[in-house]
Amino acid sequence: MTVPIAIIGAGIAGLSAAQALLKAGHTPHVFDKSRGPGGRASSKRSDAGSLDLGAQYFTARDRRFVDQVQRWQASGCVEEWKPQLFNSHGGQLSPSPDEQTRWVGTPRMGAIAKAMLGDMNAVFGCRITEVFRGKHHWHLLDAEGCSHGPFSHVIIALPAPQATALLAAAPKLAGVAASVQMEPTWAIALAFDKPLETAMQGCFVQDSPLDWLACNRSKPGRETALDTWVLHATSSWSKQHIDLPKEDVIEHLHGAFAELANCAMPAPVFSIAHRWLYARPASSHEWGALADADLGLYACGDWCLSGRVEGAWLSGLEASRRLLEHLE
Ligand code: FAD
Ligand code: NAI
């Protein structure tokens, strides 16, 4: 009997590793504490339709990821988004068109992870609290006290601070993960019963508590009766207001939106807030992935490269490459 490989985390990095291992003939078993896959690139189902509260869009620069995006596009889970982009600087709003190709999952960002997951072995609602080695193999312990295993190898595909705790068996890797600072983002969505009178569909913001806002329903496949907007606070505002109650966060960020948008700003008929504690690494790295090949323990995630969807996907690919290389 072949012993399967455990992957902790069903975000883009974990699923990318899982897909590469599956392709090479292995049997990955994926564990995630959430109810579904996607992590920071998932979408929230709500009374105002599906909302992309995390990753907004993604760009593809590495040839391997460009090819993957083309395959996703061909299978219908990704489409190009061509928003009317604006820039808000010192309170001045101005159009800011460019030539960058930007992609989104369709009909929601979470569609990509769903497609990647396919019919893989996966357990959701399962928070892993310990990764330990028995005589020959690895075992996982979850928050309910259940043990999972045996596994030949373990890939930990979590944000760095969460990975650190599970890397105790490989102190060197744990030390590297512990050195990565990840910053929070408060995200809110607002829905209006009449469309806002603005041409803006996405906006890069400076000099405000906000750093990005987008009209969610301007993305392909998201036609909804309500006019839906997603607003992201800057890392520094999010840090300063990390424990603010959600209603207050919504009030502040709605106010900041009203201040910068050159249009009437009614009260929303729907609002929601989400706090991403580990939204983005404070800086980029060039590690690809972390590996203790002799132990059979690996770590990957956006923080090993760039804090972007592409970085996460490439990092998962690198973790699987290093694991497969060691098996040869
Ligand atoms: P994650 O997506 O964080 O996946 C980790 C998974 O592990 C999660 O599903 C989590 O539930 C699970 N998990 C955590 N702890 C445990 C545990 N103990 N046991 C089991 N499971 C566990 N990128 C872009 O390219 N473009 C953007 O526009 C963009 N905007 C963003 C906006 C926001 C607000 C945020 C938060 C991120 C944004 N990003 C963007 C970044 C992008 O979302 C991430 O780089 C990428 O999704 C990270 O993937 P990952 O697999 O490395 O980690
Ligand atoms: P990109 O190339 O569209 O954007 C990179 C950066 O360039 C932008 O953040 C913005 O500052 C600037 N920029 C790009 N086009 C612009 C335009 N037309 N006008 C004015 N400024 C422009 O996308 P890339 O490199 O794939 O980056 C992903 C995006 O994800 C970034 O915007 C990044 O800030 C965001 N992100 C947000 C996170 C969060 O927690 N809020 C976490 C990770 C990524």
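Placed from the backbone N, Cα and C atoms, the Cβ positions cover glycine too.
Between the candidates Val66, Val309, TrEMBL assigns the FAD site shared with Ala13, Asp32, Lys33, Arg40, Gln56, Tyr57, Ile128, Asp302 to Val309. Closest to Arg61 (substrate binding site) by Cα-Cα distance, out of the binding-site residues Ala13, Lys33, Ile128, Val309, is Val309.
Within 10 Å of the Cβ of Tyr57 (substrate binding site) there are 19 other Cβ atoms, across all protein chains. Neighbour counts of Cβ atoms within 10 Å were compared for the binding-site residues Ala13, Ile128, Val309, and the top value is held by Ala13. Each of the binding-site residues Lys33, Arg61 was scored by other CB atoms within 10 A of its CB, and the lowest score goes to Arg61.
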